[in-house]
């Protein structure tokens, strides 16, 4: 056989649902790569003969290979920090109180409007490097810290540039409807008009976004405004998604499902009717335990209902300066299990196959299947559950992206 590389002495957590074993596991396995794709995988005993002198062979020393991790919800590009608000919350102020007093998202907006593209790029690069060291091979990056046309475009341009200069694939999301800027404080409908009539066309003209998101909440955008933005995005051919049911149950998830959204994110206050709507539409539920933890929330997402109705559950970092300043997907695996009571298998699926579904890229990445992109990680672990069980020592040994070895952890 003519391959570009072969990995032996490994176990595979394929996350392939057609394999009945937990994690889609194949033990004592091998995997071969050709032209950036997975060319063969299976038990080592069934590996076809190949020329070991001409093909690089990597020995995994009994470790586990998983699909590359996918962080499907981040706000990775921002300037400044909100440590002062952290102190205020510890003294009793709520997220909503801080936001209504001019803090929260608006304070980050001010910093991002003042920062230039070079500064934002360098900040984003450092954060993307941190995720990459934990085995992340695809990341979604939202705008939403500009709230004016110029700065929203600036953030999205930086995100696109990061994708061009980093081995991690970057999917971009336009989140102009993240908050109402101070200049539109008494005219939120006017700001929605600006998003639809000026911002969105400018984003599309530069091909800066793969999807559009809205923060549907009573401190941000109501259902009618949300539907206007998402409908305009859908009419323009962009994927849609929604921040919904984080602080209250406004029915945003049902709206998103009706419009065919790829995902609804946060969903702590999602009810059974909303879960059923997601199930019927095939919309993913993105769980964000970092924000739940950092904001010291108590209302948990309806995990049992999501299981009952077969809604794909996704885990993501929600990395941002205000509610989840946690740049770690491995910690999300642990939090998903300890805080939300996911099983380790559900948690890993939420950062691989289901995360790919939330971004509409599951045909190419998210599981180890012949013909899919060769994005995978070798972990120094005895069982896949160990990824969620233990935190603090990074077990990521090697990362392959598009068939190329891009990271070796010595």
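For all residues, glycine too, the Cβ spot is worked out from N, Cα and C.
Summarising the annotation, Swiss-Prot assigns Fe(3+) binding site to 73, 75, 243, 318. Sequence annotations record features per position, and here Swiss-Prot assigns Zn(2+) binding site to 73, 75, 243, 318 based on sequence analysis. The annotation 4-imidazolone-5-propanoate binding site is assigned in Swiss-Prot to 82, 145, 178, 246, 323. The N-formimidoyl-L-glutamate binding site annotation in Swiss-Prot covers 145, 320, 322 and is backed by sequence analysis.
Ranked by Cα separation from residue 82 (4-imidazolone-5-propanoate binding site), the binding-site residues 73, 243, 320, 322 are led by 322.
Looking only at the binding-site residues 73, 75, 243, the one with its C-alpha closest to residue 323 (4-imidazolone-5-propanoate binding site) is 75. Residue 320 (N-formimidoyl-L-glutamate binding site) sits 10 Å from residue 73 (Fe(3+) binding site), taking the CA atoms of both as reference points. Sequence-distant neighbours of residue 178 (4-imidazolone-5-propanoate binding site) (same chain, 6+ residues apart, CB-CB distance under 8 A): 105, 142, 143, 144, 145, 147, 213, 215, 220. Counting every protein chain shown, the number of other Cβ atoms lying within 10 Å of the Cβ of residue 243 (Fe(3+) binding site) is 30.
According to DSSP, residue 243 (Fe(3+) binding site) is assigned to a strand segment. Distance noted between the C-alpha atoms of residue 246 (4-imidazolone-5-propanoate binding site) and residue 318 (Fe(3+) binding site) is 13 Å. Sequence-ordered, the extra residues of this chain that approach the Fe(3+) site, with Cβ no more than 8 Å from the Cβ center of 73, 75, 243, 318, are 74, 142, 265, 266, 286, 288, 291, 316, 319, 320, 324. Of the chain residues outside the N-formimidoyl-L-glutamate site list 145, 320, 322, 75, 78, 82, 105, 108, 144, 321, 323 have their Cβ within 8 Å of the site's Cβ mean position.
Put simply, 75 is the one of the binding-site residues 73, 75, 243 whose Cα lies nearest to the Cα of residue 322 (N-formimidoyl-L-glutamate binding site). Following the DSSP three-state reduction, the secondary structure of residue 320 (N-formimidoyl-L-glutamate binding site) is coil.
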